[in-house]
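What Swiss-Prot records for Asp313, Asp317 is Mn(2+) 2 binding site, and it gives similarity to another entry as the kind of evidence. Summarising the annotation, Swiss-Prot assigns Mn(2+) 1 binding site to Asp313, Asp317 and lists similarity to another entry as the type of evidence. Annotated Mn(2+) 3 binding site per Swiss-Prot: Asp457, Glu465, in sequence order. What Swiss-Prot lists as region 'Homodimerization' is 319-325, 391-427. According to Swiss-Prot, the feature motif 'DDXXD motif' maps to 313-317.
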Amino acid sequence: MEFPASVASLSANTVGSNDVLRRSVAYHPNIWGDFFLAHTSEFMEISIAEKEEHEWLKEEIKKLLVQTEYDSILKLELIDSIQRLGVSYHFEKEIDRILRYVHQTYPIYETENKDLRMLALRFRLLRQHGFHVPCDVFSEFIDAEGNLMESIAYDIQGILSLYEASNYGVLGEEILDKALDSCSSHLESLITDTNDDRLSRQVKEALKIPISKTLTRLGARKFISMYKEDDSHNEKLLKFAMLDFNMVQRLHQNELSHLTSWWKELDFANKLPFARDRLVECYFWIMGVYFEPRHEIARKILTKVIYMASVLDDTYDVYGTLDELILFTSVVRRWDISGIDELPTYMRIYLRALFDVYVEMEEEMGKIGKSYAVEYAKEEMKRLAEVYFQEAQWFFSKYKPTMQEYMKVALLSSGYMMMTINSLAVIEDPITKKEFDWVVSEPPILKSSSIITRLMDDLAGYGSEDKYSAVHLYMNEKGVSEEEAFQELRKQVKNSWKNRNKECLEPRSASVPILTTVVNFTRVVVVLYTDEDAYGNSKNKTKDMIKSILVDPV
């Protein structure tokens with residue numbers, strides 16, 4: 001991704017043996033260091049007893065799924081709890097079978113049950129799993145002015161459920177637009193009026209980031225605490241979720257320990273001090289996309305890829321001179337290690353490390369018969385360098401692009417396409433050449449997700465970067481105020497979410513592994529770029545999030 005320089009604005013600085021005038025940014029240093037390597041002995045191994053208990057509890061949950069009556073509120077709540085506790089990956093077939101039955105046997109528009117909470121929960125679960133169910137059923141809860149009906153004004157759980165459901169709307173579903181606005185306003189006022197601390201926390205979390213945009217592990221960590229406080233919770237499910245969370249966390253800690261060794265050997269903090277040093281943050285990013293144990297190889301490689309992409313961004317955005325970047329881009333374009341001798345030392349150091357990452361990718365993918373995918377991954381990294389170079393040329397020539405010119409380049413420089421294709425290249429799921437060609441063609445779901453990434457990135461970094469962004473260019477072209485520009489760009493983000501939602505509904509535009517990758521990457525963007533750039537400045541919110549899911553057990 002293109003990571004905004006939020007810590008300090010760019011400034012001219014004379015550095016280097018040849019007294020070359022370069023830009024610089026006062027990034028904060030790495031805040032984790034070798035923590036995960038130094039504390040390896042404290043990260044306990046998973047015992048045989050834990051594995052046995054985990055397996056027994058998993059079978060008990062499967063029995064619960066079978067025994068609970070179909071389409072009852074209890075069945076729907078059970079599925080919702082399993083998903084929000086972060087353990088649905090153990091029960092994908094069972095949940096899919098149940099929801100297909102619910103969809104086929106109990107069409108939402110034919111139900112006689114008028115309970116808002118159940119209607120909204122059923123609607124959300126079906127939409128989450130790609131079923132295109134109509135939203136007309138909610139019209140009786142919204143009046144002509146778009147306000148909530150008086151009859152449900154005090155049904156807080158129902159309103160909260162409708163709020164979550166309305167976040168799965170697509171363009172043209174006005175009833176869901178009205179429901180989202182009305183529910184949001186109602187819930188915001190509730191926070192100050194209620195004395196129920198648990199309900200207040202639940203509402204605050206939902207308004208901050210709804211379920212549709214929540215990272216599984218972060219959401220699970222928070223929901224485990226809320227679920228524990230719920231008097232009606234299932235003790236076996238709670239115990240299973242806590243055990244599973246801690247077991248997976250230990251796996252992640254072990255992976256980070258090995259990645260920290262790789263990071264220490266690179267020693268970019270000393271060799272390339274101009275770049276952001278964010279290994280653990282990069283792992284957090286990738287873990288937000290693929291947290292399940294089976295994606296161990298993907299997490300290892302993709303953490304290295306995104307770390308290298310971050311340094312690549314800073315090379316173009318902060319440190320390289322135009323002459324250096326011309327040569328550098330040429331070498332990346334050719335992907336030829338023999339051509340690096342003409343480059344400055346810092347660029348040679350970087351490119352050797354970059355090429356090594358892709359050699360490792362080729363070796364790992366060769367083991368599972370997926371070597372063909374690596375070429376797609378390389379091509380996207382080359383393309384990322386090309387668009388970074390285009391932006392650097394704009395900077396050095398002081399050229400102000402039009403909004404159209406900017407977005408054409410900036411959608412790619414957001415890094416979304418590069419990371420999506422590199423991710424699909426290294427997961428074990430079989431992604432065919434035909435599917436790769438489809439993804440590379442930038443279909444609607446990728447375009448929408450790239451728009452979300454780029455605009456949220458620009459909105460978060462506005463005012464802290466010494467370069468043009470969508471905010472600057474929109475204000476200039478339309479002659480509007482900063483507030484008006486923000487309002488319009490946020491509207492574009494909102495509409496892009498609706499387009500993305502549509503592409504995830506049956507008939508789906510792509511296979512589940514592709515859609516899951518696309519959706520999860522967009523969720524990471526929401527977490528890191530809502531209101532601030534929490535990657536560039538990872539000392540506060542990001543540090544707390546990482547600590548909650550990678551350091552502290554539940």
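A Cβ is built for glycine as well, from the same backbone N, Cα and C atoms used for every other residue.
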What DSSP reports for the motif 'DDXXD motif' (313-317) is 5 helix, 0 strand, 0 coil
Taking DSSP helix as H, G and I and strand as E and B, the region 'Homodimerization' (319-325) has 5 helix, 0 strand, 2 coil
Asp457 (Mn(2+) 3 binding site), Cβ-centred 10 Å count of other Cβ atoms over all protein chains shown, is 27
Cα-Cα, Asp457 (Mn(2+) 3 binding site) versus Asp313 (Mn(2+) 2 binding site), nearest Å, comes out at 14
In all the protein chains shown, the tally of other Cβ atoms within 10 Å of the Cβ of Asp317 (Mn(2+) 2 binding site) is 25
The mean pLDDT across the region 'Homodimerization' (391-427) is 97
Reading the DSSP string in three states, the entry for Asp457 (Mn(2+) 3 binding site) is helix
